[in-house]
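Shown next, in structure tokens, is the structure this report addresses.
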Amino acid sequence: VMLKPPSSDPLMGCADDDKLIDFTDVDIRLPMLVYMSREKRPGYDHNKKAGAMNALVRASAVMSNGPFILNLDCDHYIYNSQAIREGMCFMMDRGGEDICYIQFPQRFEGIDPSDRYANHNTVFFDGNMRALDGLQGPVYVGTGCLFRRIALYGFDPPSKRKSSRKNKPPPESDTQALRDDMVEYDDEIGMEIHPKRFGNSTVLAESILVAEFQGRPLADHPAIQNGRPPGALLAPREPLDASTVAEAVSVISCWYEDKTEWGDRVGWIYGSVTEDVVTGYRMHNRGWRSVYCITKRDAFRGSAPINLTDRLHQVLRWATGSVEIFFSRNNAFLASSRLNILQRIAYLNVGIYPFTSLFLLVYCFLPALSLFSGHFIVQTLDVTFLVYLLTITTTLIVLALLEVKWSGIGLEEWWRNEQFWLIGGTSAHFYAVVQGLLKVIAGIEISFTLTSKSAGEDNEDIYADLYIVKWSSLMIPPITIMMVNLIAIAVAFSRTIYSEVPQWSKLLGGVFFSFWVLAHLYPFAKGLMGRRGRTPTIVFVWSGLIAITISLLYIAINPPKSTTSVGTSGFQFP
């Protein structure tokens with residue numbers, strides 16, 4: 001315990017010449033501050049971040065029991081001190097009793113000015129998340145989120161518990177109706193509090209109803225249901241004693257969760273690399289809704305990986321979690337009727353998007369195949385096909401322009417997102433699908449590398465990490481795509497020049513599509529160059545092996561036609 005709970009009475013500061021800030025007539029009380037390091041033992045699965053968050057929830061319930069919980073990653077900090085108040089206003093306002101969490105956008109520092117690898121992810125945070133806010137709410141992204149404690153305990157929202165309150169006689173007054181609702185809702189929750197669900201801590205069990213009551217909106221209007229009367233929170237806090245601290249230590253022990261529903265129905269959900277998405281999905285599936293809160297001044301800021309290899313490993317971890325979700329009971333196909341139909345489609349996309357890498361790989365190799373074979377992708381360019389192609393292309397362009405204008409995203413940011421979507425789709429997403437299938441079919445567990453974030457400790461160059469090239473097998477598919485398309489362009493160009501009837505239209509068509517693929521891979525190629533073009537030797541080795549393999553395969557599949565001529569000495573020359 002770093003700071004003990006403050007007293008109930010205000011503590012005013014006084015003028016002091018030695019201090020830089022004048023605290024005269026300012027309440028200088030500080031809230032309780034507790035540092036927690038949970039117990040870990042061999043043989044017990046500590047469940048990484050999800051296990052740490054659940055331990056924090058239990059310890060805080062015993063010691064402070066605040067009705068709202070702010071979740072920040074260790075590389076994030078508070079940039080706007082009023083953001084928490086804005087988030088609480090949503091939950092405490094009329095109709096806010098069904099809000100499970102307030103998600104804030106992620107904003108990053110230390111990103112290179114060009115945002116080479118789309119670290120800001122503006123299309124997702126300023127486009128997709130805003131769109132989800134119009135449905136049942138944004139997904140939980142793992143940090144910058146303000147939770148309602150009672151929602152983390154796995155209870156249904158108040159609006160979904162009203163079925164048992166029908167066919168009752170009308171109340172005598174609004175006050176009586178409020179009191180009846182409070183008693184009935186407490187009884188319903190109390191029936192679900194038992195050791196098999198929350199563990200054998202009596203203090204923790206008793207804190208649940210208190211947290212639920214304190215998190216209710218203020219009943220200052222007849223339209224507010226499940227509210228609390230004014231002045232109900234003015235009771236003084238009990239002082240912290242040794243028994244309370246001992247209880248907090250007990251609930252974070254490694255054995256406490258045995259034979260309970262922690263990690264299954266209660267708290268952060270276990271069993272997935274992306275436990276954040278699964279936890280938010282479970283809340284939405286129970287009928288809760290969430291809110292996306294964008295403040296004028298950024299609420300929180302953090303760091304992100306600006307190195308190519310670290311960025312690819314981060315995307316691999318996210319995509320692997322999505323594949324796990326697709327093959328688990330958390331698949332949105334199996335969601336309850338409480339999940340909005342469009343919200344269900346959004347969660348389906350979360351689990352399906354890594355599988356688009358299979359089609360994306362085919363898309364990237366098709367132009368090269370066209371150039372190698374000498375045949376255009378489409379054999380006959382009739383009017384029907386051209387109209388179809390023009391309609392699809394125009395629709396995609398219009399949709400992109402509307403999204404950019406609606407969300408306020410710059411065209412350069414949108415293009416960076418498109419580029420890295422292809423880079424990640426042909427590397428990390430494809431590997432995630434393979435790993436997911438191996439886990440489902442062969443039972444091979446998935447391991448991932450923790451993301452290394454930019455520290456910005458180099459005073460001479462704060463973007464030094466951007467130029468570091470660390471070899472990874474994730475780089476093989478994009479390098480292969482680049483080499484195949486470059487070799488295909490060279491082969492098609494030489495064939496066209498030395499042919500008796502050059503067909504430049506077919507060449508230009510295939511070259512255009514190959515250059516379109518290469519344009520998307522430009523940030524990846526630039527990342528391989530490192531600082532001042534210092535490309536690692538391993539990149540040249542892999543590029544040479546890939547080029548030789550492709551050339552030999554092409555010769556084996558399509559051997560050159562041989563012509564025989566007889567010389568003066570009788571020998572045959574090919």
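The count begins at 1 with the first shown residue.
From the backbone N, Cα and C atoms, a Cβ is placed for every residue, glycine too.
Note: TrEMBL annotation is automatic and uncurated.
The feature UDP-alpha-D-glucose binding site is assigned by TrEMBL to Lys48. All protein chains included, Lys48 (UDP-alpha-D-glucose binding site) registers 14 other Cβ atoms within 10 Å of its own Cβ.
Annotation for Asp73 (Mn(2+) binding site): same-chain Cβ neighbours under 8 Å, separated by at least 6 residues, are Gly142, Thr143, Gly302. Positions annotated as Mn(2+) binding site by TrEMBL: Lys49, Asp73.
Residues or ranges marked as region 'Disordered' by TrEMBL: 158-177.
Per TrEMBL, transmembrane segment is recorded for 346-371 (among others).
Taken from TrEMBL, the feature transmembrane segment covers 383-402 (among others).
Look at TrEMBL and you will find 479-498 (among others) tagged as transmembrane segment.
Annotation comment: TrEMBL describes 504-525 (among others) as transmembrane segment. Under 8 Å from some Cβ of the transmembrane segment (504-525) lie the Cβ atoms of residues 116-117, 308, 363-364, 366-368, 370-371, 374-377, 416, 418-420, 422-423, 475, 478, 481-482, 485-486, 488-489, 492-493, 496, all in the same chain and six or more residues away from its ends.
The transmembrane segment annotation in TrEMBL covers 537-557 (among others).
All protein chains shown were included, and the count of other CB atoms within 10 Å of the CB of Lys49 (Mn(2+) binding site) stands at 17.
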